[in-house]
Structures are given as structure tokens and as C-alpha cells.
Amino acid sequence: MAKAKKDNEVKYSPMMEQYFEIKKEYQDAIVFYRVGDFYEMFFDDAYTGSKELELALTGKDVGTEERAPMCGIPFHAADQYIEKLVSRGYKVAIAEQIEDPKQAQGLVKRGVIRLITPGTIDTGLLEKENNYIGAIGYQKREYILAYSDITTGEGYVSVFKTFDLLANEILSLKIKEVIVSHTFNNVGLKDFIKNNEISLSYEDKCDIPPSLTSIVKEIDPLYQSIVGMLLCYIIETQKQEPSYFKPFHSYVKEKYLHIDAFTKRNLEVTETLRLNNKSGSLLWLMDKCNTAMGSRMLHKWIDKPLVDKDRINERLDFVEAFNNNFIAKEDIKASFKNVYDLERIITRISSGSANAKDLVWLRRSLKDIPLVKNTLNEMNVERAKEFSLEIDPHEELYNLLDQALVENPPLSVKEGGMINPGFSPELDEIRAISTNGRDWIMNYEADQREKTGIKTLKVGYNRVTGYYIEISKGAIKDLPEDCAYERRATLVNSERFISPELKHYEQLVLNAKDQIESLEYELFTKLRYEASMHVKSLQKLADLISEIDCYISLSDIAVKYNYVRPTFNDNRSVNIVDGRHPVLETLMTTDYIVNDVVINKYNMILITGPNMSGKSTYMRMLACIIIMAQMGSFVPAKVADLMIFDSIFTRIGASDDLVSGQSTFMVEMIEANYAISNATKNSLVLFDEIGRGTATFDGMAIAQAILEYLHEKVGCITLFSTHYHELTSLDQKLKRLKNVHVEAKETENGVAFLHKVLDGPTDKSYGINVAALAGLPKSLTERSKQILNVLEEDNNHHKGITLDLFNFDAFDEKEEVKEESKAQKIKNRLDEVDINKLTPLEALNLLYELKEMS
């Protein structure tokens, strides 16, 4: 296409010349070029659009011999097509007519009014999730991430010491688009973005517009250029400054419980491991919010639980207050059911893209806010009263919108049907002309009959001549001489006239529709502007509603599932009595088996037990209870006294990373290394069967080395499940290690899993029993038992040994044991030989054999 444009011999039509000028500026986007009631795509864009959107590919005359490839969509249906393209990683440039075609002299001017990208799209989004776009920089050996959701106006800045921490945050936030400067050269980041199907864009400008400096006051000046890069890109794509943006906040890692992307996935915090669905996750259980805003806030809480005991207890106080005020809670819930997504409505109002439905949704949302304010004030809870004082019901704005707007306005703001009767006398008058035309004609006809004395006079209308007065030829002579009729047409039996009054009325009626639409649009834009004057206070109201909604949601699940308020200690201990896994207990059809978790001087728990017995569930239960407690929720237990954790790391489950070509074992080692490298003494580390992805002795060696390192070097709280029963003897050397096992009972029909965690180790995995339960043929499981007996006999000669990772004498001991093992093998072989019966050749072969064994 560009080559054709440069070819001097090719002469395109003026419209196509205009298209080329626009396309030149947006070469990495699909241009939606407005022509009448359609958006059209040309050349390569047409091929892409035809394929991705399943549109018919046609051609269009553009002034050349060959027709240009073209496909198109109706402008009113554009959103669904844009959503589909953007979801597949494309950018879409909307080239609109930017002047009225009726007033254009020659070709109508067109220009791009918006560039829609994965990080800036505002339609088709999941209402309960944020859609983040982020800018990345590297300064003074730190990675800086500035990110925002342009549909809600929130923005944050985070700083990371390593690329791994940055990558984890991008994955955790599900950032859809990343912006870097052209000078930012980081191959690792670009590979990471490509492997995770994140859109990559470039922006070199980083100056913050003067009108937006107030929103970055809290940000370290060193990092403001990265925020500036983000804002410049948003302005470039949206073609306007985001004046509705809230102040950016710095995310200080030390203020929150760190849960990396691996851990969130392994624990199924926000989506399930197998299907990547919210349903079945911890968030699914806890999100009973009545508003989309509340759901998004709760998502943030569960993503980043707190570490400050006072802030945690403030949240718990409010949850407990709602537990004890059932009627107040139900009244507020009923009010919140009528609250729409205020955050996104406010954004559309501020950006000038809101329609009448948005203003009606704002009106409905405000309707019951006075009731919420009064209910909170009457709860006799100090924090509730504080919230009540902070709530501004915006009653004047509500009354204005209530007077002005109909209940169900159309989507279009330029086709009328939005404004209530009685709001504008001028509009009512024009509407009366349009809607009461029949009555006016009848009255005028009666009036003219009386004035002329002609009883057969008629007033009519047709599309050719418009309105007319018709008089039969026989009655023409009876017309008064001062009658101001003007002849319009002559028929066989009658004459048709027009009068000044009828001509004036005709103009009013013919223009009424245009006048109504124009006046309604003018009134609507004034209403939208008036609402935009309240953006900041409406945003504050939205935040308050969201927070209250979260407390009510947490209260609902606490009451429904009989949760307990957690307490917190400073002695690095955990005491959970009758703990339950919050999600699993709600999905089970049988009684849930509760378990205790006691961590005091023993901060390393080694868990053994059968497959399917519940080792992983036990570990996940502890992690979920900690997350819930530190986000400010009651928890599933009878007692929960907890230390404050600074991070949770897990390696649970097995999966390959096919995109980057990593095996299950490699993924396991990467996740284990991330935990070991970042854990502190106040961290929780959960490792499920580390080492199982490789050879038995390799895996056992790695598992033991990791246990020793965490015990001696890190000192964190560790739960470690294993089938390497040899490791249970480590409690002799690792003084803070405690063995527990998950109980199973052998019966005549096999094995029964009791799911109860008890003190002490076990030495059976019951893997063959699990295989039988899975339906493997009996002959196969019987053969498995035979092979197991042989292997166990052999293994008795090779018991695992306890090594001190930090005592080099232990490695010498290992070598000594190895030498003893070789000597024993040689002795056993010699014991088998009758030297009196050996031939010279057999003796020589035996000598070579013994040499190999040594």
C-alpha cells in the first residue's frame, strides 16, 4: 500500500488520498475509516478484517484501474468488532468524520478520534475485573512499573529489585499492554511479553502535562518520568487528557503480604488451576459483593493482603459490626443492588463519552444513598458513623437528573427520546407541534370553515405538495375577497391552496424532528457537563460504596459458613483449631474433616501420607486461612491465632510450561528457587513433593538439601509434603522439624483415607491402592505389589542417610559410606564364588568384574 502511494503514476481518488494520510500515521493499527453509516477497511487491513471478523471481502473504486480490497461494518455495531480484534492483539484506529457533511465544502474532513488497544479498550470488559495498562522503566538498578486502569481512573507505581519480581507482578495484575521507550533494551522482558501474549507498545515522551501534575504528587520524582510515559501514551491514544484520573499511589511491598503469580495459581486464589475459571477459586467463594466496584476492590484485597495488624483489625471490626447488625446489613445490600458501576460511569462522563443511559444509571445509583448514609449512622459503631459522615448523597444532582431524564432512554444521544416532558418549555412546545399535529389540523380546518363559510373545505397533506387547503370548484366563488389563500394546485374537481398560517405550521412540523433532536442533545450535554463537575466527589462516593460492599460480602460468608475472627501474635506461632479449607468444604457433599495446625518452636512440618489423603489440601488450607485473615476476613476454624506473614510461596501441583519448552521438573525447580531466594523468616513456604519430577535418588537428594537450607539459612515457616519416607529421620538433625502424617486405614476392601493429620511419620504411600481405586486392572495392581516387594527388599540395603548441608564432614561421611557400600558388594560377590571350580578364563573374567565394581 505504501509503495502504491509513492508511485507518481498512480492517481487515487481524494477520499483514498485522505485515507493514506491517516494510515501513514497508524501503520501498526487497523484503521476503521468512516464512510456514511459504515466503517470501511482497505488493502491489508481489509484482508485482516475479513479473516478475523469473518466479513465478506469486496472491492471499492478508488480512482485506479483495480478496485481496492475492502470490507466494512455498520458504525452502530462497531463495538463488538473492535472487541474481537483487540482481544486478538490488534489495535484499532477510529477515523471519524470530524465535520458536518452538510456543511463540508468538498471532501468531508476525517481524523482519528481514538486509538483502541488491549490496555485502553473500555467496552466488552468483565465488569468485576480491572483492565490494566503499564509502563516500564529501569533506573538505578531498579525496575519501575507504572500502571493504571483507564476505565476507573486509578493508577499505581511499583519498584522491583529483580526482573523476576517485576514479571510476577505483571502476571498477577494481568496487565494487558506494556509500554516501553525505544531505548529500553531488555530481551528478557520482550520474550516474557511474547510468551504471555501481552501487547507491547512504545512511547518516548515522558513529560507530565501541567494539568495532571497533581495526580503524581505522592510519587517519588525519580519515578515520575515512567508515570509520564504512561500518561503520554494514554493521551496519544484517547486524544484527550484523562482529567478524571485519581492520584497515583506507590505500592510499597513491605505493607502487603506478597503472593507471587505461581503461588496465586497453585493456591487457586483468583482462578482454578485446571480450567482457569473464577468459579471454584477462593475469590469466587468470598466475592458476594452487590456492586462491580466492590468486587474489584475485594479482588485487590485478596491479591494484596495487609501486614499491619491495626489496619487488619480495622477491617475485622467493620465485618464484625455487620455480623452483629443483620437488619442494617440487609437494608444496605438492598440499596446496593441498584448501584451501577459508578467508577466506569464517572470515567465516561468525564471523557465526554457517556450517553443518557449512563446518566440514568448514575441517577439510579444515587437514589438510595441517603438511606445508606442514615443506616450507617444508626449502627452505633464508630467506624460506621465515620463512613456516614464521609458519604455525600449528591441530592441536588440526583434531583436534576430525575427531573430531566426519562427512565429508559435510547443508546444514541442524537436521536431524541431522552428528556422528560416538563423539563424544558421550549422542547415541550416543539414536541406539541409534532405530536399534536392531528388536533391542530382539525382545529384549523374547523376555524377556516367558519371564517369562509365553506362547509366542504378540507385541510390535507401529501408528500408532493405538503399541507394544503382543498376547496371544490363549485365553492370557489364563496371565498371571501380578503382571504389570503395562495393557489398551490388545480385538480379536476377542486383547487388546492396554502395559507400563511398553514405554511408556518408546515415549517414547524417538518423541522420539529430535527429541532427536537438538536435541542435534546443540547440539554443532554449540559446535564453531562453538570455531572462532570462532581467527578471527584462521585469518585470518593464510589470508593466508600466499594469498601462497605466488601465488608458486607465478608460478613455474609462469615455468618453463612460459621467463620471465626482471627487473632494475631508477635511470637511467630500459628495455632489453628479445627481448620477447614474454605472452598473445599462448600463443594463437598460429605462432612469435612477438620484439622489443627500448630506451629511454635517447630517451624518446619514434614508431612507424609498416602496419595489422595489430603496432604496438599492441608497445606492449601493453612495458606487460605492466612490470606483471608490478613485481608481482613473471618476464617474457617474454631480458633485461629496467627503470626503476621510477609509472603507466601508454594510449589504445589505439576505442570509443564509448553510455551517456553520447560518440563514439569524444570518448572518445579524454578518455582522452588524463587521461593528459596525470596523467603524471609516471616514467610510461609509450602512445598508439595519436591523432587518427584526426576529420578528417585536425585529427587530425594534435592528435597533433603532444600529442607536443610530452609531450616538453617532461611528459618521460615515451612510445610513440606513428601513420599520420600527416608526424609522423616531428618528430625534427628533438624531440631525445628516435626513429622506429621495423614491417617489412612487398611481394610479388607483396600485403604480408607481418613484425611486426619496426626503427629509422627508414616512409611506407606498406598499408591497401588490408589491405582486400584482409579480402576486399573486387578492383574496389573497385583503385579505392582510383587514388584514393590522386590524393590522394598532391595531398598532396605540402601537406607537414606541424614546429611548436614553445612557440615563438610558430612560429605566425607557420605564418601565413607559409599566406599563401605562398594566393599560390601565385592564381598558379597566373592562369597558367591567357589574358587576351586573356576577355570582360568572364568577367574580372569571375575577379576575384570571386581575391577569394575571397585
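Cβ atoms are placed via backbone N, Cα and C, with glycine included.
Features reported for this protein in TrEMBL:
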type: BINDING; residues: Gly609, Pro610, Asn611, Met612, Ser613, Gly614, Lys615, Ser616; note: ATP binding site
type: DOMAIN; residues: 683-699; note: domain 'DNA mismatch repair proteins mutS family'
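In the domain 'DNA mismatch repair proteins mutS family' (683-699), the DSSP tally of helix, strand and coil residues is 4 helix, 6 strand, 7 coil. Listed in sequence order, the residues of the same chain lying 6 or more apart from Lys615 (ATP binding site) and placing their CB within less than 8 Å of its CB are Ile607, Thr608, Gly609, Asp688, Ser721, Val742.
Each of Ser721, Val742, Ala744, Phe753 belongs to the same chain as Gly609, Pro610, Asn611, Met612, Ser613, Gly614, Lys615, Ser616, is absent from that list, and has a C-beta within 8 angstroms of the C-beta centroid marking the ATP site. Outside the domain 'DNA mismatch repair proteins mutS family' (683-699) by six or more residues, the chain places 266, 615-616, 619-620, 622-623, 626, 645-654, 663-665, 668, 672, 675-676, 706, 710, 714, 716-724 with a CB less than 8 A from a CB of the stretch. Within the same chain, the residues at least 6 positions away from Gly614 (ATP binding site) whose Cβ sits under 8 Å from its Cβ are Ile593, Val742, Phe753, His755, Val757, listed in sequence order. Per-residue pLDDT, averaged over the domain 'DNA mismatch repair proteins mutS family' (683-699), rounds to 85. Minimal Cβ crowding within 10 Å, among the binding-site residues Gly609, Pro610, is found at Pro610. The Cβ of Met612 (ATP binding site) has 19 neighbouring Cβ atoms from other residues within 10 Å, across all protein chains displayed. Of all Cβ atoms in the shown protein chains, 18 besides its own fall within 10 Å of the Cβ of Asn611 (ATP binding site). The candidate set comprises the binding-site residues Ser613, Ser616. Of these, Ser613 has the most other Cβ atoms within 10 Å.
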